Amino acid sequence: MGGARCCVLLLLTAAVNCDRAYDVEKATRLGIVGGNRLNVLGQKVEEYRGIPFAQPPVGRLRFLPPQPVKPWDGILDATSRRTACPQVVFSKLMAGEIDYTEDCLHLNVWSPAAHEEDLVPVVVWIHGGGFTQGCASYDNYTGAALAAKTGFVVVSMNYRLGILGFLDANSPEAPGNMGLMDQSLALKWIQENIREFGGDPSRVTIFGESAGGMSVHAHVLSPMSRGLFQRAFMMSGTMHTLDFFDATHESISKGDRVAAIVGCAGRDDSLASNAETIIDCLRTKSADEITVAAAETLAPKVFYFFPTYHNEFLPKVPPVAISKGFVHSVDILQGVTEDEGVLSLIYPLRSELLPDDVEDIDDKKFRQSLHEGVFSWLKMDFPEMLEKYTAKAHDKASLRRGYVDYLSDSVFVCPMHFTAEKHADRGQKVYSYVFGHKSAKSPLFTWMGTPHAFDINYVFGAPLTDQERFDDEDAVVSEVIVTALKSFAANGVPELPMKKPWPKYTPDNPVSVYIDYQNITDIKGFREEQCGLWRSYL
């Protein structure tokens, strides 16, 4: 009877199995998990994939804040990756072969197998994807090499995306920021369980890229995440942006359009006046139907439901929250790549815009495709600012560069500077970098430089284990980044090779460390002139 009970497939999609033998087992507060033992970079690493931290957000729980997962009997099989949260993807370049279900609130843990009795720091990854796409189980986010190289515990988690994670109907039935609350619940799980994996819950660093970096900053600002981490590492993203948050009325308007498409709202119905009825109807629709409707309704935008303010998770907009002191006093490391905006032409792919030489392309077609590509990533449109970036363009290549730089500065570079200034003004330790390394094995055209997200592999140590995609120079750069993350997570100060000091970022001395194989140096005021133009907008 007991054996039959423990050998069932839970709604959590994690198989509980009494019969099979696991390389390693750990007893958490909720039950036992069975995982893999790996040998990575000469170190033994334990791997646990797909541990549930919340109840599946299905049925009545759809659109609600996450509920803690219930205990299980037997041994939970944590040896293989689980499903991603529902989403519409444009390219297998980003997604790979991963299934999507609403039962997706899982986390992954990699821990050194031979840790001593002393607990080690914990680094927690939050993936990006514009709050609309992404998954903790992408191959690029595997934490085994990072755990082996640092000796730290590495954790990553899924969170709800798009309309399922961020619809704000100004109602308890859909309060908004559910995806961020998923992340916060995962951080609480870490506080309660990570000791069993050798991790120190009092030394937690959260780090993420793009929307993951914005998420990290959201936790720095959120009263719901107070005390759940001590350091924050934001890669290519902060909440000091106009393009990746919604006012409640904007979220309602988007939700109304989706509800109408799937037959949950008539022409005169709105979530603003009839939220409970419309949400109840949306709960009867499949996740695929809702996410596809959202993507089709809000096209050509690539990203469409975002965090909102003035609710329990984010009571204040970032500038107000920081200036009023509604912020956790944690150490901050943040940075950007040198050519952030280039990725908007790669994802979704616009191959006609990518070659080094584009002068033979029809002028009208080129301009239209370029504008559509860059602005598919953007919510806001400032024509007078775009004019400043493109007015002196003398050919198609320089016009393309103007568009790309417009996106880079407005969404990533200038928000990084403005965020750093405000937190440094509060007396927090802030450090900054610009990642400019381009691999000799890079498949990109010369003009592309180092686009958005092209630093992720280096943070996770991929060049240290994958000699097919990376060379020795890439491995050296990866060592630099991993060492900086290791020292920052351990003591709050990123460390450079040869013990060179990493300068603090201050409003009077806005210094970033420029990282490239050929050149690791301090640079002051990266794109400072352009950011001066954006101050009155952002």
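Each residue, glycine too, has its Cβ placed from N, Cα and C.
Annotated features in TrEMBL:
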type     : residues : note
ACT_SITE : Ser210   : active site, acyl-ester intermediate
ACT_SITE : Glu340   : active site, charge relay system
ACT_SITE : His452   : active site, charge relay system
DOMAIN   : 27-534   : domain 'Carboxylesterase type B'
SIGNAL   : 1-21     : signal peptide
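Location within the structure of each feature annotated in TrEMBL.
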| residue | record | Cβ neighbours (10 Å) |
| --- | --- | --- |
| Ser210 | active site, acyl-ester intermediate | 27 |
| Glu340 | active site, charge relay system | 28 |
| His452 | active site, charge relay system | 27 |
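In the three-state DSSP classification, Ser210 (active site, acyl-ester intermediate) falls within coil.
Between His452 (active site, charge relay system) and Glu340 (active site, charge relay system), the C-alpha separation comes to 4 Å. A straight line from the CA of Ser210 (active site, acyl-ester intermediate) to the CA of Glu340 (active site, charge relay system) spans 10 Å.
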